[in-house]
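Feature annotations, reproduced from Swiss-Prot:
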type	residues	note
INTRAMEM	358-378	intramembrane segment
REGION	434-468	region 'Disordered'
MOTIF	370-375	motif 'Selectivity filter'
TOPO_DOM	1-183	topological domain 'Cytoplasmic'
TOPO_DOM	245-249	topological domain 'Cytoplasmic'
TOPO_DOM	311-324	topological domain 'Cytoplasmic'
TOPO_DOM	407-493	topological domain 'Cytoplasmic'
TRANSMEM	184-204	transmembrane segment
TRANSMEM	224-244	transmembrane segment
TRANSMEM	250-270	transmembrane segment
TRANSMEM	290-310	transmembrane segment
TRANSMEM	325-345	transmembrane segment
TRANSMEM	386-406	transmembrane segment
């Protein structure tokens, strides 16, 4: 910088360099010029804009540590930042809080707040929830990318036993990984259907046989088919347990508990039958066996493992507990009120079917849920009027929470598709940058397999700094710095 420009700066210790509350601070953020005043900025002295008040006394080093450029003639500070985000950030000086405008990326906005040194506590609660939701999405994308990278990478330091476990786990848990894995997944799906159909067919009297003691039991052919299915389910569960990287988490997960409930009744029934025969307590044992056989219906839930739609529906119902609780509360109040009214109004009829209020609960339930079996019905005019009102109230009560539940389902389904697309997009960009760094104009995904092993794990940078390590618009905060260098990504400035 020339001498004339240096001389145009206020001298340290001069009157001009002393910050006052009436000083004007002119900032140019992304081409948008803004005039701010010292008394306004001094409310939050720890922010970057407030530091501009006293920076002139520190010379060029201090000035350029705070801004990208400075015009001594105009006393104008230049910042190469997002002007839209800046307009939101300076609201803290006027209103004491910050609102993130629609259309601004939450993660970029957080970076802007960090740059201007405005604490996140000034961000409004509604905007914090949006930022938290976006952060969860990024963590999910990072988790998916990390899993795919782990599957693609081969660590030569791992033993043969560990590599074998990873291959078995990938074979059983990721049907899309290979053609044989798809075949096994389809076979498992078909066996679930076959075992469910066999369970139902075993209750048909024409397909049952009489044993030596005169009891009707399932046909031996159906029992053999069920035994074969149970053998497959058992082998599949044991292999997945054997290859699981975290066996405790595997055993306690919901879907694996369903798998255990699907195969456990078979072995418990078999054990109780043999023990009962020895102890001559066949009556009690048979009752226990029949009770356990009912648990076989749990195997139908195994279909959720092969159906993303069922998994989405389960998640939507879990997220709709509040709406479902309101529905049950409305129905419970309505059942109590209308059953009591129905019992009271029907007492004048000599052939009334409403013997008591608890017995009337059944009538209120089937009326409010629009089932109407017809086993209990009102016979008086007031009773019929009460039935009509209870019917209408039931329709309204059931319809109210349906829309939020559908919204939760659609939102989660769309979110899963977006996350899946974002993860694939990030991997494609990683591969593209890796191929470009190697001087290959068109590398293939198999190039990732030849990457050097990942360095020893160490504590990575903070969440905010990890965001800047990604080169694309899809930030993946959980990927470590070594992983990014491993794929030769360019830092996002």
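The backbone N, Cα and C atoms fix where each Cβ goes, and this holds for glycine too.
Across all of the topological domain 'Cytoplasmic' (245-249), the predicted model scores a mean pLDDT of 86. Beyond the ends of the topological domain 'Cytoplasmic' (245-249), by six or more residues, the same chain brings 165, 169 to within a C-beta distance below 8 angstroms of the stretch. Per DSSP, the secondary structure of the topological domain 'Cytoplasmic' (311-324) breaks down as 12 helix, 0 strand, 2 coil. Non-local neighbours of the topological domain 'Cytoplasmic' (311-324) in the same chain are 304, 401, 404-405, 408-409, 412-413, 416; each lies 6+ residues outside the stretch with a CB under 8 Å from one of its CB atoms. With DSSP classes pooled into helix, strand and coil, the tally for the motif 'Selectivity filter' (370-375) is 0 helix, 0 strand, 6 coil. According to DSSP, the secondary structure content of the topological domain 'Cytoplasmic' (245-249) in residues is 3 helix, 0 strand, 2 coil.
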